[in-house]
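A.B. asks: What follows is a single structure, and I will ask about it in a moment.
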Amino acid sequence: LQRFCKLEAGQAGIMLNKPVLVESLLVFTMVLSVHAVVWDRFSWCAVALAVQAFYVQFKWDRLLQLGGAVFQFRGAANSGLLPASMVIPLLGVVMKERCRAAGIVYFERFGIVVASTGMLLALFLSVLAVGITKPVPTNTCILTGISGSVIIYTMKHSLTVSEVIEVLEVLLIFVYLSMILLYLLPRCFTPGEALLVLGGVSFVLNQLIKRSLNVIKGRGDPIDFFLLVAVVGVVLLGLFFTVLFIFMDSGTWISSMFFHMMTAVLGLGVIMPWLYRLIHRNPLFWLFQFLFQTQTRLYLLLYWTFLAASACGVVFYQNTKRSSESKKHQASTITRKYFHFIVVATYVPGLIYDRQLLYVAAVLCLAVFIFLEYVRYFRIKPFGQTLRHLLSLFLDERDSGPLILTHIYLLLGMSLPVWLFPRSCAPKGTLPGAGALVPYSGVLAVGVGDTIASVFGSTMGEIKWPGTKKTFEGTMTAIFAQIIAVALILIFDSSVNLNSSYAWILASVSLVSLLEAYTTQIDNLLLPLYLQIMLMA
């Protein structure tokens, strides 16, 4: 029986390798494209990291198949180590290059720190996989050692002492955060998704601590501080209640009242003073003044309120159909894509008319989404059980853990290109060439590409890509739809000037669309980041 199980696992691994190899080829193509444009020591390090991550990825896949991983990761997916390992380093590399071209030294150094941090976090996951694999894979160990030596040597000759300390601080936060959250939230992430999400949270937390200790009045944009405090605040809130509800039942009225009371205490007693220290003004007054500063913002807020009400209406209507038809009724792929259309309708006017308002509104929406997920997960009265019932209709195979994260990933995928856009390195508010489309990366990759691919692929697709459920027709239609979307952006957004970089845009859109067809990771999170990297390069 044991031999049979091992044989089955080996056969499954062989079957899984086909799409993984194509996924890896697509990632290598994007890494080499960035390397060809940048061509410096950090782009060479990115290539070395990609080579070792490709080999280590198969060790992680084998550990997941045999159940030898330290934590419980999300099933029905490979480890995703290679595509996830390259996101943060490539973001840092292209950010460094853009800011160097603009002559902004501070953010050029910041890009170097981002790239170095991403490489070190990816190396840590690789060393972890190699260390727990039995027998120890000699060739992979040698390759990881060589790549690690090249990266560390480059960091030694590129980073200052304070920057090295900053990178090590992020690594330390990542290690502790991973041990806590992967234990408390089994089957919520693959190793690659954990690297992206927890690595990002660790970097944000370290940035907030650093800026809180070195506050200079008048330096820094309040909306950036608002993002940092909001992300760290909701994460700390979740950790606090997770530990608390180990010792008490979260579903009682007493626990629910305590939850709401402590949320108010932490919000008004910790998060608000923290934000006040950073922006030197009352956060509530600042937020109210910011939101209603112009008439355009008022119209956008009213329009977004209408769209939010429409999304809630879709949820209630689909649940009414479930009650009348069958208890086992699940929302179809097309029904779930309604929310993608609503999100596109939300983000496009914000990107055209007021990106700063969109930035802040997306932060508020993220905080609300995560707070509601806490209410659902802990069964907080009076809405916890209702949210469980309503959202269970929209679950898919990616929501295999205790948390429902797909809607949060959709919001992140649309918002990250807006949040990560290097405004200080774009004096006119936009980057030249294809970089002008960077804030639209989420709209193009997820809102248009992924949506059209799913709808047309599930309804009209017949030719499947080898080893996947995705169809050739869906991918081709997605590429065509994104090109049309780019043309419409050129018509309606006067700030976008592509400067004849159409071939690069077509290649970028095509590579990301093919990656959508072959990846088993959360495409709502991964695709916008890779499209942003390609457009910034």
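Keep in mind that glycine also has a Cβ here, set from the backbone N, Cα and C atoms.
Per TrEMBL, the features are:
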type	residues	note
TRANSMEM	25-55	transmembrane segment
TRANSMEM	75-94	transmembrane segment
TRANSMEM	106-130	transmembrane segment
TRANSMEM	167-185	transmembrane segment
TRANSMEM	225-246	transmembrane segment
TRANSMEM	258-276	transmembrane segment
TRANSMEM	296-317	transmembrane segment
TRANSMEM	338-353	transmembrane segment
TRANSMEM	359-379	transmembrane segment
TRANSMEM	400-420	transmembrane segment
TRANSMEM	440-460	transmembrane segment
TRANSMEM	472-492	transmembrane segment
A.B. asks: Have the transmembrane segment (25-55) and the transmembrane segment (106-130) got at least three CB pairs under 8 Å, pairs 6 or more apart in sequence?
C.D. replies: yes
A.B. asks: Are there residues at least 6 beyond the ends of the transmembrane segment (296-317) whose Cβ is under 8 Å from a Cβ of it, and what are they?
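C.D. replies: Same-chain contacts beyond the flanks: 335, 338-339, 342, 345-346, 349-350, 353-354, 357, 361, 390-391, 393-394.
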A.B. asks: Do at least three CB pairs under 8 A connect the transmembrane segment (225-246) and the transmembrane segment (359-379), leaving out pairs fewer than 6 apart in sequence?
C.D. replies: yes
A.B. asks: What same-chain residues lie close to the transmembrane segment (400-420): Cβ under 8 Å, and 6 or more beyond its ends?
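C.D. replies: Those are 74-76, 91, 95, 185-189, 227, 339-340, 343, 347, 351, 355, 358-359, 362-363, 365-366, 369-370, 373, 376-377, 391, 394, 438-443, 445-447, 522, 524-525, 527-529, 531-532, in sequence order.
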A.B. asks: Counting only residues 6 or more past its boundaries, what in the same chain has a CB within less than 8 Å of a CB in the transmembrane segment (472-492)?
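C.D. replies: Here the qualifying positions are 352, 437, 440, 443-445, 448-450, 452-454, 456-458, 460-465, 498, 505-506, 509-510, 513-514, 516-517.
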A.B. asks: Counting only residues 6 or more past its boundaries, what in the same chain has a CB within less than 8 Å of a CB in the transmembrane segment (440-460)?
C.D. replies: 333-334, 337, 340-341, 343-344, 347-348, 351, 410, 413-418, 470-471, 473-475, 477-479, 481-482, 485-486, 489, 509, 512-513, 516-517, 523-524, 527-532, 535
